[in-house]
Amino acid sequence: MVQALSPGELPEEHRQPEKSDEWQQNLNVRLICRECRDDPPWLVEDHASGDMVCGECGLVLQERSIDQSSEWRTFSNDDQGNDDPSRVGDGPNSLLNGAQLNTNIAFGDGGMRSNDLYRANNKSNVDKGNKQLLQAYKQIGALCEGWQLTPSVVDTAKHLYKDADESRLFKGKSQEALIAGCVFLACRRNNVPRSFREVMELTKVSKKEIGRTFKLLENFLMKREKVREGQTSMLAGGVVVALDTYKGSGTADPGDLCARYCSMLDMDQKAANVATLLAAKTNTTGSLAGRSPLSTAAACIFMAGHLMGQPKTAKEIQAVAGVSDSTIRHAYKLMWNDKEKIITEEILSRGADPVKLPRPS
Ligand SMILES: [Zn+2]
């Protein structure tokens, strides 16, 4: 630091900021009974009720204390290996049936009879329902991982699967189709919609089959949700999804698809925004009425690419959207005819240049 000094003045000493003491645990705070004020206190932990009680007068000083003692007694310390045997198992998993309070005998460690016990326990105690659920969850997890979906989508899909499985409505239906339907619906509920075609490619279940299962699944869920209509939100995989944002039986929104496909085509955010705006506008003008959301999105991307000077050919768009290039060109022709209405001031203000649009063939 440079200081300007007048003659005879002494430089001001640098004042060091006071060093704050490092944080320390305050060991002077101790729990004593506020009635007897005995020091040292006589505290008794009652594990059965989870209370901390004063041994002198019986006043409860702490409720719901966490029991940190061992969950079982160990008699031999030599055959444990390195694991800590004082804790057992996981918390209850709401995705499985029951509270999972059954006894499991570990394979391996222990005395000579433990393997026999393990086998006998396994034979008598197979929970078939849970095994099937676990198998399905594994499949759902693998599918969602292929798409790099967030855990909330995975959890939603699992919850949907469990609800559907419990309803017994889908007995005899193909397991793959039900899983595909759950993943499809979970994506839609979490606002990351995928098309039937994409689900079909991932699961190898036919589009027709997915569609049929999906309709059944949605009918079942809508019926159930009508019961709790008074509530404003539902819990989906730990995330509160407002019911009004869930677009019931509506179809995929072309705007949502535009954003994702533009990113897959390496178009920048500006072009993606224009494509989304075009999709919203064609929806209100009705220029592409009756077209599927996929072909609407594809045509909007085609137009947005040319408007923003990042043209993509119909073939390139076909590769990501899975719509044939002739369909894209036909939809584009319809948009071209309405281009005065579709290309709004807002789109022009974002740098769109209608001169760059090619004439439809
Ligand atoms: Zn006391």
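Using N, Cα and C of the backbone, Cβ positions are placed for all residues, glycine too.
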Labelled region 'Disordered' by TrEMBL, one stretch among 1-22, 111-132. Can you tell me which? 1-22
Where does the mean pLDDT land for the domain 'TFIIB-type' (29-62)? 86
